[in-house]
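As given in TrEMBL:
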- 43-62: transmembrane segment (TRANSMEM)
- 68-87: transmembrane segment (TRANSMEM)
- 99-117: transmembrane segment (TRANSMEM)
- 123-143: transmembrane segment (TRANSMEM)
- 155-181: transmembrane segment (TRANSMEM)
- 193-217: transmembrane segment (TRANSMEM)
- 224-243: transmembrane segment (TRANSMEM)
- 255-275: transmembrane segment (TRANSMEM)
Amino acid sequence: MFISSAAVNANLVFLPSAATSSSTKEQNKMNLSQKEKRWSKDVVKYIAMAAMLLNHIAYIFLPEGILFEIFLNLGYLTAVTMCYFLVEGYQYTHSKKKYLQRLVLFAFLSQIPYSLAFTSGTYIEFHGFSMMTTLVLCFLILLTAEQVKNKPVRILLIVLMMLLSLFCDWALLAPIFTLLFLWAKNSDGRLKLAFLLCAVLFGLVNFVGGLTIFPLAINLRNSFFSMAGIGLAAFCILCLYNGQRAKRAQNFSKWFFYLFYPVHLLLLGIIRIAAGL
């Protein structure tokens with residue numbers, strides 16, 4: 001759940017602006033393939049919310065075991081999916097200002113529930129900032145990449161925001177995922193590579209983190225299976241997502257996805273306290 005630092009090739013990270021398609025032919029191919037896919041953005045997001053809930057249930061309540069590992073690893077689908085849709089939403093939003101304001105508002109609303117859910121043995125402790133705060137930083141990285149034309153200043157600001165993510169959930173990883181998806185935008189080939197790099201990077205971080213905790217064979221197994229959630233996210237987005245929102249209940253879904261994060265954490269925190277955990 002709580003992710004430590006990671007690194008990525010600077011050539012992938014410090015992009016001057018949103019990446020363009022390598023060719024018109026590739027873009028047309030992507031548009032054609034989208035028509036054959038069935039899942040809307042809302043379907044993928046609902047799956048991501050369910051996976052996150054399983055991850056948090058495992059982390060807070062379950063003893064280590066097979067079910068714990070399954071729930072935990074499935075939940076890793078969510079963060080990379082959030083980063084992908086953040087990049088897509090940034091591209092298509094009618095108001096970047098309102099988008100950022102919503103993220104900041106729900107980052108604020110989520111902080112106490114986040115701390116409440118992941119405290120152990122007492123009512124509440126500070127465990128860093130939530131994923132919503134990380135997404136605020138990721139959005140600011142996208143804004144910087146698009147609008148700051150001076151390259152040294154752009155790089156400095158992006159590095160600063162990545163360092164600030166060290167105090168948040170999915171530290172460094174979420175900003176790197178975001179930059180990879182920015183680099184991959186409008187290119188099917190790059191998007192596949194971006195998901196592969198996300199999975200490998202996450203597996204590597206887990207492997208390094210487990211070196212002093214687990215025997216080598218177990219550490220390799222854990223690191224490999226930790227990539228499953230990102231692989232599942234890649235399958236959903238690359239093979240099933242049609243690039244469209246659902247035709248019905250769009251406003252409901254929009255606010256459900258924002259509200260689900262703090263509300264489910266608050267409920268899990270209350271249950272944790274009631275159970276004496």
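Every residue gets a Cβ built from N, Cα and C, even glycine.
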With pairs restricted to those 6 or more apart in sequence, evaluate whether the transmembrane segment (224-243) and the transmembrane segment (68-87) have 3+ C-beta pairs under 8 Å.
yes
Interface-richest range of 68-87, 99-117, 123-143, 193-217, 255-275 toward the transmembrane segment (43-62), CB pairs under 8 Å:
68-87
With contact taken as 3 or more Cβ pairs under 8 angstroms (pairs 6 or more apart in sequence), are the transmembrane segment (155-181) and the transmembrane segment (255-275) in contact?
no
Rank 68-87, 193-217, 255-275 by Cβ pairs under 8 Å to the transmembrane segment (123-143) and hand me the top one.
68-87
